[in-house]
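Record features, source TrEMBL:
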- Arg112, Lys152, 157-163, 213-216, Glu221, His244, 298-299: ATP binding site (BINDING)
- 116-328: domain 'ATP-grasp' (DOMAIN)
- 185-205: region 'Disordered' (REGION)
- 186-205: compositional bias 'Low complexity' (COMPBIAS)
Amino acid sequence: MPERKAQPRTLRPGATVGVLGGGQLGRMMALSGSAMGYRFVALDPAPDAPCGQVSPQIVAAYDDIGAARELARRADVITYEFENVDAGVAALLAEESYVPQGSALLHTTQHRLREKAAIEAAGVPVAPYRKVASLADLKAAAAELGLPAVLKTVTGGYDGKGQAVLRWEDELEDAFRRLALERADSAASPQGAPAAGDAGSPGASEDAPLVLEKFVPFRCEISVIAARSPRGEVKSFPAAENIHVNNILHLSIVPARVPEAIQRKARELAEKLIAGLDAVGLLAVEMFVTEDGELFVNELAPRPHNSGHYTMDACATSQFEQHVRAVCNLPLGDTELLTPAVMVNVLGQHLEGAVGRCTSDDEDANRLGVISKLHIYGKTESKTGRKMGHINLLCKDTADALAWVEQTNLWRN
Ligand code: AMP
């Protein structure tokens, strides 16, 4: 059913932005928007959540209808900072408040097959894929696409979970059973809750639980964050080159180390996508770049994205300010890159060393001509692999910032 579009409203500083989710993305959005004079209120089940430390917070579960109603009452406009928004809550908020982003795009990006179909419909390439509802489907798909290929659950996967690289035919059966089971598990948990109409068990409906993608032998991975306002203005940020370690983003390098023509094409694709999807707010577009310069979109996120954190210190407008501008229907900010930059994520195991480095004299930084900007999210518990903060390294040449990361010896594990 097509979504009924809310009439665009322009919200001036002084208005209250309600944020579903109180993690680091909400916190940075609130910090940025507060500087412009907006007020914020976050809804998050964890007391003292990162966003709750810088704005009022309603402490309640995401599917708590009473709490959602209170958020609607206190906010003039509502946005979200994560994707697994409960369908019932989204509908209630759209009814009782103003949600310029709507929920259609969330519904699309919560499901890999819907997402791929929407990307293709906007005329943007994705890696060849087949839907997989049974082992027989998987065998047929592997024969058509060839191996290696990547098998993924259509919902619930993140940071490399819910997927397997298949290199040999004798790996198909095990991978199918394992991922079909994972998918059934994630469908049963509230956070991975699929939207209405999804299959609950493998092969239970026409909606396939898995997707097989052709393996793209990429030269690098890049992402572009685009923004669109209800009045239809579209802007994109410079492409970031992303390096992952253990499937978690480690570095974003900007400018990406690919020819300018590819950077331009990536931005054009992201802009075409956000307009084609009729989206409002931010859309992060992750892409593979092949050796011959072809681009394939891998994944979308309809929110601020880790690979856009470099914009906080390196661009004329940050992704967070841009998001607030977009949902409030202000003119979008200039996205010019003011300096080359490298963003390095600070995970639990890096926290102490990184804070120590950035809060004392740093001779390596001075010698390399690198300026480090520390951002810490205020999470109460630090764990290995958990995103605790990031550092934006401003530099004349990204090689100098990469040398700093190397020389600190902090990111070897
Ligand atoms: P995803 O969860 O789809 O973002 O995938 C996580 C990571 O797996 C990506 O960042 C890639 O490094 C790798 N990957 C995913 N899909 C493919 C593919 N079709 N070909 C090659 N590598 C892939």
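All residue numbers here begin at 1 and follow the chain in the order shown.
Glycine is treated like the rest: Cβ placed from N, Cα and C.
Computed from a predicted structure; not experimentally measured.
Sequence features, as recorded in TrEMBL, placed on the structure.
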residue	record	DSSP class
Arg112	ATP binding site	helix
Tyr158	ATP binding site	coil
Glu213	ATP binding site	strand
Asn298	ATP binding site	strand
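The 6 Å Cβ screen around ligand 1 retains Glu213, Val216, Asn298 from the binding-site residues Arg112, Lys161, Glu213, Val216, Asn298, ordered by sequence position.
Along the domain 'ATP-grasp' (116-328), the predicted structure has mean pLDDT 90. In this structure, the binding-site residues Arg112, Lys161 were compared by how many other Cβ atoms lie within 10 Å of their Cβ, and the smallest count belongs to Lys161. Residue density at Tyr158 (ATP binding site): 15 other Cβ atoms are found within 10 A of its Cβ, drawing on all protein chains shown.
Under 8 Å, Cβ to Cβ, and six or more positions away along its own chain, Val216 (ATP binding site) finds Ala127, Phe288, Thr290, Phe296, Asn298.
Around Asn298 (ATP binding site), taking its Cβ as the centre, 20 other Cβ atoms fall within 10 Å, counting all chains. Long-range neighbours of Glu213 (ATP binding site) (same chain, six or more residues apart, CB within less than 8 Å of its CB): Ala127, Pro128, Tyr129, Leu145, Ala149, Val150, Leu151, Lys152.
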